[in-house]
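**Student:** Residues or ranges marked as domain 'MsrB' in Swiss-Prot (evidence: sequence analysis): 8-130. According to Swiss-Prot, the feature Zn(2+) binding site maps to CYS47, CYS50, CYS96, CYS99, an assignment based on sequence analysis. Taken from Swiss-Prot, the feature active site, nucleophile covers CYS119.
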Amino acid sequence: MQKIDKTLEEWRAMLDPAQYQVCRLKGTERPFSGKYNSERRDGVYHCICCDLPLFDSKAKFDSGCGWPSFYEPIEEAAMIEIRDTSHGMIRTEVTCAQCDAHLGHVFPDGPPPTGLRYCINSVCLDLKPRD
């Protein structure tokens, strides 16, 4: 996979303010505010910044946390995991492997078959429904 390397100014020009704040500045959207939190359509969720396929809707589940949750990415190679010690916590941040967009965090409290919960900001995603 070819890395996408843009300046913050280039990202700011192509993203809306909320997308820029979360994807490029590692912000977080308010819980239960994202458009995909309750989404049930069948399809594939892509990175809003670079269009890399990230999650299949078949791996989406309702975790009750307020953000779209998935138990696995389409490919492990699509994600980079980074130790995050911000806000006095120890968590695992997940970023897009192609463009380094901040997506959210992964936690070890998800359902089978993986036991993982990828807690992802809606604003980082673009759902492409299956026909």
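Placed from the backbone N, Cα and C atoms, the Cβ positions cover glycine too.
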**Student:** Compute the mean position of the Cβ atoms of CYS47, CYS50, CYS96, CYS99, which form the recorded Zn(2+) site, and then list in sequence order the other residues of that chain whose Cβ is within 8 Å of it.
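**Tutor:** Counting only non-site residues, the set is ILE4, ILE48, CYS49, ASP51, LEU52, ALA97, GLN98, ASP100, ALA101.
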**Student:** Between the Cα atoms of CYS50 (Zn(2+) binding site) and the residue listed as 'active site, nucleophile', what distance do you get, rounded to the nearest Å?
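**Tutor:** Per the Cα atoms, CYS50 (Zn(2+) binding site) and the residue listed as 'active site, nucleophile' stand 19 Å apart.
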**Student:** Which of the three DSSP-derived classes (helix, strand, coil) applies to CYS50 (Zn(2+) binding site)?
**Tutor:** coil
**Student:** State the Cα to Cα distance, in Å, between the residue listed as 'active site, nucleophile' and CYS96 (Zn(2+) binding site), rounded to an integer.
**Tutor:** 14
**Student:** Calculate the per-residue pLDDT averaged over the domain 'MsrB' (8-130) and state the result as an integer.
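**Tutor:** When the pLDDT values over the domain 'MsrB' (8-130) are averaged, the result is 96.
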**Student:** Going along the chain, which residues six or more apart from CYS47 (Zn(2+) binding site) have their CB under 8 A from its CB?
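**Tutor:** Looking at Cβ-Cβ distances below 8 Å from CYS47 (Zn(2+) binding site), excluding near sequence neighbours, one finds LEU54, CYS96, GLN98, CYS99, ALA101, LEU103, CYS124, LEU125, ASP126.
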**Student:** What are the DSSP helix, strand and coil residue counts for the domain 'MsrB' (8-130)?
**Tutor:** 27 helix, 40 strand, 56 coil
**Student:** Out of CYS96, CYS99, which has the highest number of nearby Cβ atoms, where nearby means within 10 Å of its Cβ, if these are the binding-site residues?
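**Tutor:** Its Cβ has the most other Cβ atoms within 10 Å: CYS96.
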**Student:** Given a 10 Å Cβ-Cβ cut-off, pick out the one of the recorded positions CYS50, CYS119 that has the most other Cβ atoms nearby.
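**Tutor:** Counting Cβ neighbours within 10 Å, the top one is CYS119.
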